[in-house]
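Asker: Dumping what TrEMBL says about this protein:
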type	residues	note
TRANSMEM	12-33	transmembrane segment
TRANSMEM	45-71	transmembrane segment
TRANSMEM	91-111	transmembrane segment
TRANSMEM	123-142	transmembrane segment
TRANSMEM	154-178	transmembrane segment
TRANSMEM	190-210	transmembrane segment
TRANSMEM	236-255	transmembrane segment
TRANSMEM	276-295	transmembrane segment
TRANSMEM	343-364	transmembrane segment
TRANSMEM	371-393	transmembrane segment
Amino acid sequence: FLISRVGEDWIFLILLGLLMALVIDIGLCVSTAQKWMYGGLESNVFLQYLAWVTYPVVLITFSAGFTQILAPQAVGSGIPEMKTILRGVVLKEYLTFKTFVAKVIGLTCALGSGMPLGKEGPFVHIASLCAALLSKFMSLFGGIYENESRNIEMLAAACAVGVGCCFAAPIGGVLFSIEVTSTFFAVRNYWRGFFAATFSAFIFRVLAVWNKDEETITALFKTRFRLDFPFDLQELPAFAVIGGFGGALFVYLNRLIVQFIRKQKTINKFLMKKRLLYPALVTLLVSTLTFPPGFGQFMAGKLTQKESLVTLLDNRTWAKQGIAEGFDYIGNSQAWNHPQVNVFVTLVLFIVMKFWMSALATTIPVPCGAFMPVFVIGAAFGRLVGESMAAWFPDGIHSDGTIYPIVPGGYAVVGAAALSGAVTHTVSTAVIVFELTGQISHILPVMIAVILANAVAQSLQPSLYDSIIRIKKLPYLPELGWGHHEKYNIRVEDIMIRDVTYITLNCCYRDLHDVLLAGHLKTLALLESSESMILLGSIERAQLQALLSLQLGRPRRLEYLRDRATAEKKRLSMVSHPGSEDGSQRVNQEVRFQVSTVLTTHTELNVTLFEITHVWSPQYHTKLNVTHYEIAEWEENQLDEQVNFDNCKIDPAPFQLVERTSLHKTHTIFSLLGLDHAYVTSIGRLIGVVSLKEVSVVPCFPPSGNSSYGDNQCSFKCLGSFREQ
């Protein structure tokens, strides 16, 4: 009754929101244990160091080992894989229950270790796993969830849930999921994403109230900036420069580390044998440098990412004219106060160290993301600019005779949105910041900084997710670059494959058998004849296998053997005496079959060879053998018969392009419809086929900043070989 009244979508999305709300922040209890162990050993620095270092090393090593054994697909962010899946590419192992278990447990240990790792990407993957598993479960009861396109719609809503419940920002989550995972977004998925993200974010914040962590439902990082005069127009240039080149530099550094390890064959071979050594060494290095009594005291090393972000968004000013001693530091803000250096040195060391540490840590083979570390680094850089402005203008900005002091926390908000937006190539991070802080007083500087940072980053480097896609060589269709007019001059006939595998309407079963053995194409073109080459439609490989099995399968063989037995029975009845009582009794005896299985080379199926025994009496019997030769002869006769397509599902309208279609239009069609291949025709005649590989590899013209991706680029030199084909 509830499903019929409310609808399957609502029930499904409510379940998804509940599951994600329960999964949220699962590593906080683990990270609390580390601080408890560290704080209980204040009398002995060496034991403190062992506790500080051993705890994350054990957790990261366990996370890497557990994930590698159970489901290696759970490693990393998950957003690049979801972009590929929503593009229409099937990645079966990325949406299984094993991957879900490995992702949740591995992410718990990774977040609890205190390493500079994020959770937004893994939450998107976890939400998508929940959606896929729930959809698969509900399909057992029938309904629309058996439809593949409906599953894609549920995955799109799940991506919004993952981002929305991570920051309790449903609006920013939906917009972020649209920007990151979809080239073209179906508007019908809009309300699903908003409903699921809002419900999961609501449950997430309600749980905080129930646990008495919050008095009521508020923003996750509540700020209290003044609303009457949040900033002066003279501050806009300072806001605008925040996060410009930092996003492109982070993506470049992350890719540089991965490529360095891969190019060093000796190191790569050694790390492949000792898979747990690399994450353990990286964790040991980062933990040693952040040890609070050691170098960590100069970079607020004892603060977690959440505590660092809370202090960076503080309303108060930490420095005045470069002097920090005259200000009171309350709570976690005390970590930024060092007796030997001022707050500017602490912030600079924090930014520089966390920058390369985060780029290095995100290469560890554990479930992790990079959004949150980048978000914190951006907030720190914005805080540095804000503190500098406060030092340069100690009396604040004068307007109408009223003194308004500089608010460095506002610069931290702008920096967090700008740098994270530059790394991910999204503008929705501005909305996430507004929902995260609970204020929109800095909406203008945040939007200006995010747009400028995106413009700079997109002209220099791809987004972090596109960078990972290209490193992993996932089958994803990249965007066409800027300022390349050649893409309008290249036609689909220049890049298509002319040697197309096809079947004809008057073909025989032997042709089907040869085609199935020759390749592993998912679908094959159906033509009128080899002479006319008129395209009639396409048939899936499974349908052709069913036709061949129907022609040579067990039922047909049993029918053949029954006919042979009946014919032999009639022949023997003619030999016996018609008036004899014994003869009629023998004729009425049953026929018994003895079956033995033999594998032949004619088909991919198990072919059965039958030996028929006709029992005449307990004292006397005669055997009738069907020899290998007779079975082979029967198979040859069956394979020479013409195929009957009456009971076969044929797609009468496969996607087609004419040979003069431009590359730009082909790229747009593939991106909009999520195609993996399309046939190229000329006046209805099939002349070639173009697949996702040809569109994404050969004719793509990425920006000049992507020159490091040599394997994914091409030039006009490549087109010559394709024209010859």
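Any Cβ shown, glycine's included, is placed from N, Cα and C.
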Asker: With Cβ distances under 8 Å as the criterion, find the stretch in 45-71, 91-111, 154-178, 236-255 that has the most pairs with the transmembrane segment (371-393).
Answerer: 236-255
Asker: State, in range form, which of 45-71, 91-111, 190-210, 276-295, 343-364 has the highest count of Cβ pairs under 8 Å to the transmembrane segment (236-255).
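Answerer: The stretch with the most close Cβ contacts to the transmembrane segment (236-255) is 343-364.
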Asker: Same-chain Cβ contacts of the transmembrane segment (154-178) under 8 Å, 6 or more residues past its ends?
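Answerer: For the transmembrane segment (154-178), the sequence-distant neighbours (Cβ-Cβ under 8 Å, at least 6 residues beyond its ends) are 12-13, 16-17, 20-21, 24, 79, 82, 85-86, 119-120, 123-128, 130-132, 134-135, 145, 185-186, 189-190, 192-198, 200-201, 203-205, 219-220, 424, 426-429, 431-436.
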Asker: Report, as numbers and ranges, which residues of the same chain sit near the transmembrane segment (276-295): CB under 8 Å and 6 or more residues beyond its ends.
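Answerer: Distant contacts of the transmembrane segment (276-295): 38, 45, 48-49, 52-53, 56-57, 60-61, 63-65, 113-116, 270, 301-302, 353, 357, 360-361, 363-366.
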